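Here's the structure we're looking at; comments come further down.
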Amino acid sequence: MQKRVVVLLLDSFGIGASEDAKDFGDLGANTLGNIAKACFNNLADSNDRNGALKLPNLESLGLGLSALKATNELPLGFDSHPNLIGAYAYAQELSSAKDTISGHWEMMGAPILFEWGYFKDKNNSFPKEILDEIMHKTKIKGYLGNCHASGTEIIKDLGEKHLETLYPIFYTSADSVFQIAVHEEKFGLDKLYALCEEVFEILEPLKIARVIARSFIGTNKDNFKRTSNRKDYAIKPHKKLLFETFIEEKQGEVISIGKIADIYAHVGITQKFKAGSLMELCDVTLEQVKNAQNNSLIFTNFVHFDSDYGHRRDVIGYANALEYFDAYLKEILESLRENDLLILCADHGCDPSFKGTDHTREYIPVLMYHKDLQPTFLGRSETFADIGQSIAHFLGLSPLDYGKNLLNFKGQP
């Protein structure tokens, strides 16, 4: 029997502070819950939306009930007895970090049980010897930044100076990351990518998870805007991924949409589709759901929930994007084939109402739909790897080293 799996990952869509949130300074974080609360209290009204958060399709898959199980509180405005068509769980992260790579890798069988390298100092974040090596190897004449920063704020602060000097802007965050921002036209995209590749080679031995190229356009601080030509240079996964097993054992197709391929350092990816906006990600995903061959795993990362709304602490924008996605989800559900398994999940939290601009350590929703799947609560997962293990079980693959199968089809005991 030919099967397909569709994984829709809403980047940063946590559903409540996890049991170890205190260790990360994230007690009280609740991405879904706090957005729903703001909407319910009319604090997220705009020209595009108003009132309670309206996510009927996500609710039918068990989103609200998943949050209720995780936090003992139903998100405000949600139905305690929705017309449930999906099975649902919530998951605690096993990995030692709350970043994108840790969440994604764990999901596909490679949890991070070691410590990434970090640049913890808020200012003068990068050691002098590293900066000296970068300048020597890349031949750049100077740099700007060298601090923790929001990507949108730092180009406002330093973008004009960058245009004067053409020095790249270096910055980081609480994640294991080295980000480089340059003007796409004045500095050049190819030159940026080449710089990032060289910096990645320098930082890889230090277990810095990613070097990220961030280009922007505009003429001054009032109109600088990041482009969609982001590129992530990631360390290769330390364990075999579900993708590789699928290709080896079933000659499957692994279809990356958005930044999935970059996150997994292109390991086990057979097809790649880029998209520059939430609308484009939805369009490309729907197209692949309609047209991708059987024996495929379609995996989309909806990055804009995180990059445009979570990190920017934009509750209204996040709520509006969720409602847009939910409307598209109806079309995706209607386009599924007889033996498709749909999974919706997240990789961490990024509560737009929380202090700071960093990710938040939260439980994630695990929502599953298949025509023969019993619509019920699947329990608490102790690792995101339960998602990958469930996919392996569904596709008839060798089991992963981590995680348990959550699937319980109708007629099974």
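Any Cβ shown, glycine's included, is placed from N, Cα and C.
The Mn(2+) 1 binding site annotation in Swiss-Prot covers Asp11, Asp347, His348. Residues or ranges marked as Mn(2+) 2 binding site by Swiss-Prot: Asp306, His311, His359.
Feature map: Swiss-Prot annotations on the structure.
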residue : record                : DSSP class
Asp11   : Mn(2+) 1 binding site : coil
Asp306  : Mn(2+) 2 binding site : helix
His311  : Mn(2+) 2 binding site : coil
Asp347  : Mn(2+) 1 binding site : coil
His359  : Mn(2+) 2 binding site : coil
Discussion item. Is it possible to get the count of other C-beta atoms within 10 angstroms of the C-beta of His311 (Mn(2+) 2 binding site)?
Written reply: 20
Item to complete: Please list residues from the chain of His359 (Mn(2+) 2 binding site) whose Cβ is under 8 angstroms from its Cβ, counting only those at least six apart in sequence.
Response: Ser12, Lys98, Asp99, Ala174, Asp175, Asp306, Gly310, His348, Gly349, Cys350
Practice prompt. Taking the Cβ of Asp306 (Mn(2+) 2 binding site) as the centre, count every other Cβ atom within 10 Å, in any protein chain shown.
Written response: 25
Worksheet item: Residues near the Mn(2+) 2 site, Asp306, His311, His359 excluded, by Cβ within 8 Å of the Cβ center?
Response: Asp11, Ser12, Ser307, Gly310, His348, Cys350, Thr357, Asp358
Worksheet item: Since the record lists Asp11, Asp347 as binding-site residues, which of them has the fewest other Cβ atoms within 10 Å of its Cβ?
Response: Asp11
Response to the item:
Spacing of the two Cα atoms, His311 (Mn(2+) 2 binding site) and Asp347 (Mn(2+) 1 binding site), in whole angstrom, works out to 14
Worksheet item: For the recorded Mn(2+) 1 site formed by Asp11, Asp347, His348, which further same-chain residues have Cβ atoms within 8 Å of the site's Cβ center?
Response: Leu9, Leu10, Ser12, Phe13, Gly14, Thr100, Gly103, His104, Asp306, Ala346, Gly349, Cys350, His359, Ile364
Item to complete: Inside 10 Å of the Cβ of His348 (Mn(2+) 1 binding site), count up the other Cβ atoms and send me the figure.
Response: 31
